[in-house]
Every structure is written in structure tokens, then in C-alpha cells.
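Working notes, structure below.
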Amino acid sequence: MPCEGCMERDNKSTDATMDFLLLGFCELLSLRVLIFLIFLIVLLVTLAGNVMIFMAVVMEPSRPPMLFFLCQLSVIELCYTLVIVPKALLSLIVVDGGTISFIGCAAQMHLFVTLGGAECFLLVAMSYDRYVAICQPLHYVAVMSEGLCLRLAVACCLGGFAVALGLTVAVFRLPFCQSHRINHFFCDVPAVLHLACTQSYTHELPLLAACVLLLLLPFLLILTSYACIADALLHVTTSVGRVKAFYTCISHLAITLLHYGCATFMYIRPKSSYSPARDKMVSLVYTNITPLLYPLIYSLRNKEIRGVLRKMLRRKKITQLN
């Protein structure tokens, strides 16, 4: 189905000097101030929570693999928030929405997909860490060495960067309609694809390929890890041992379901089912709420994180007393 604002084929454009208009929440003029305050409070709390976890892990001299991965997750969430939320706040201040350049829109999409993809791969690395800890506890220290953790962290970032680069180039090579009004608060992939002047579904193939690489394959690997963990727990003789082993996986499971649930709903679907109002509400969840929940989930459910945070607070109190 042709996009809105498509006049004739001669009106299509891929000029890198053109601007897009992010409409944001222009239909909610009466709630603009309230939405701005909510966004700002969530941004500040998210930054504070992730910075606190990052600093706590960095200051810990002995860092087990899970803390190393949590540190990387906090950095990803910090960058993720800073890429999206400040521009959304700016669009709420401007009455008619905020403009963003062609290059700026492409850069924002690339960074957003890179960080989201790196998080998908990182969740796989964290599930592998849980698999080794539960299924091969005697070899855990040897297998999950510092070198392997560092290589996994770099591979997650490079993998997300490569997939995001291919997807962004494919999207911004499309001819866009005369209307450059993006009915969203950031340059999300479905919202930009909706402006493409084409009746073919072939332009959705790069997004489908990215979903397979970033969502389907990593999720299958995570399921495989937890299938092995479940099988190992069946052979644990005591119920206390089962509960203790499963307890170490709860935080990771919660974040995995939250992350993949939102991403699957947003991106694994045809263009014909695109709904700007619904998409913006779901985007609010995974760009604002999930980065806020991650530090809360791990600080409440992870014993190592709680211990590190208590150490950091004790150091701060001692420093203040001295």
C-alpha cells in the first residue's frame, strides 16, 4: 500500500540534505507538560540507577563474569537512553514537533539498532554464563575466563554494529515520499519504512533479516541454554538445590522476556499492521521503562550486585566520616 503523502514517482526523494519532522506526541497537546515531566524523571532515575551499578562493578576488584556482563548491560542501557530520550524531550518542547536531518535520523536509527542488537547478543552471553555455572560448575572458572568474557563483550558490540549498519543503509537507500513527517518521537525502523514510496514488500526484507539475526537466532540459543539448565536441574537431588540454582537465573529470565517480548511485537510483523499510536506507546515501554527496570531487577534479585552496592555505600560512609 503506498505511503501517505506520495504524490507521484517524480516526487520521491533520498536527498541527504532533507529533513524529517518527528511529530512525537503532537496529538496530546494538553498532556505535553505532564509527558515531559514523566520523561525527564524516568531519564534521571534511569541514568542514576545504571551509573550506580556501573560504578559499583568498576570499583569491585574481583569481578565474576556475571558482574562483568552486567556492567556492559548498564553501559548499553545508558547509551540507549541518551540516544532516544533527549531528542524526545526536545520534541515535546517544540509545538509542532522536532526536526531531524537525514543524516541525524540515519545515525539515530543506526545507534538504536546497534545498542539493541548488542543487548540481544549480550543476553545470549549471559545465558551461556548461567549454563556453565549450573551445568559445569567445576569448570566454571576455567571456561568463563576474563579473556573469554572480553571476547564475548566485543563480539556482542561488533555483531550489533554490523547488523545495524546493513539495516540502516538498506532503509535509507529507499525512495521517500513527499511527506517527511515521521509519526513517532524517534527514527524507529517501522516509522521510517512507512514513508517509503514503494508498493513492493521487498524493502521489508532487510528488517526481516535483521530480526532473524538479532531476535530469532539469539532467542533460540537462550532457549537451548535454559533447556540444558532445566535438564541439569532435574538431576539435582534436593529441592533446595533446585531453587537455589534457578534463583540465579530469575533476573536474566525477566529481562530476556521483557526485551524480546517488546522487540518481537514491534518488528516481526508486516508493514500493513503498522499503527503509529500503538507503536509509540510500545516504544515508550522499551525505550524508557525497560532501561529503568533493568537496574531495579538486578539490584533486587542478584546477590552479587546487592553485595557490591552495599560495599560501595559503606566506602562512601567511611569517606564521609573521615
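Along the chain as shown, the residues are counted starting at 1.
Heads up, the Cβ atoms here are built off N, Cα and C, so glycines get one too.
Nobody curates TrEMBL annotations by hand; they come from automatic prediction.
Per TrEMBL, the features are as follows:
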type     : residues : note
TRANSMEM : 33-59    : transmembrane segment
DOMAIN   : 49-298   : domain 'G-protein coupled receptors family 1 profile'
TRANSMEM : 66-89    : transmembrane segment
TRANSMEM : 109-128  : transmembrane segment
TRANSMEM : 148-172  : transmembrane segment
TRANSMEM : 207-234  : transmembrane segment
TRANSMEM : 246-269  : transmembrane segment
TRANSMEM : 281-300  : transmembrane segment
Going through 66-89, 148-172, 207-234, 281-300 one by one, which has the most CB pairs that fall under 8 Å from the transmembrane segment (109-128)?
148-172
Whether the transmembrane segment (66-89) meets the transmembrane segment (207-234): three or more C-beta pairs under 8 angstroms:
no
Do at least three CB pairs under 8 A connect the transmembrane segment (33-59) and the transmembrane segment (148-172), leaving out pairs fewer than 6 apart in sequence?
no
What same-chain residues lie close to the transmembrane segment (207-234): Cβ under 8 Å, and 6 or more beyond its ends?
113, 116-117, 120-121, 123-124, 127-128, 130-131, 134-135, 159-160, 163-164, 166-167, 171, 189-190, 193, 242, 245-246, 249, 253, 256, 260, 263-264, 267-268
Could you please provide the mean pLDDT value for the domain 'G-protein coupled receptors family 1 profile' (49-298)?
85
